[in-house]
């Protein structure tokens, strides 16, 4: 998957207009609720999976930092996510399908936040972003 210059611009525009940590925490809460098996790696959260809970918020900070770095350097997402991919594969044992589930949850949260501004063009650009991120996070699995 590759992003056009217009899509890169749209992604950076979207990301600059949202509270990144809040959107990320809401996306994580949605994943944990809709796909409960994804909570198995987060036993330290003690079954507290709301966006406002400390464990979710702290993880949202880490995820949002990684996504912000990716969005800031869209030409090198695979390279920049290589170590994170290795960590998710070897240390954490994350199923790669979970990355796309989180991407889908982000799309819902972005659409809810942006409302009428979340045009089909924004949707396509954001979807492609999360496909790129999913590919990058999955690269060490192959």
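Glycine is treated like the rest: Cβ placed from N, Cα and C.
According to Swiss-Prot, the features are:
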DOMAIN    2-142  domain 'Globin'
BINDING   59, 88  heme b binding site
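In sequence order, 28, 42 make up the list of same-chain residues 6 or more apart from residue 59 (heme b binding site) whose Cβ falls under 8 Å from its Cβ. Under DSSP, residue 59 (heme b binding site) is assigned to a helix (H, G or I) in the three-state scheme.
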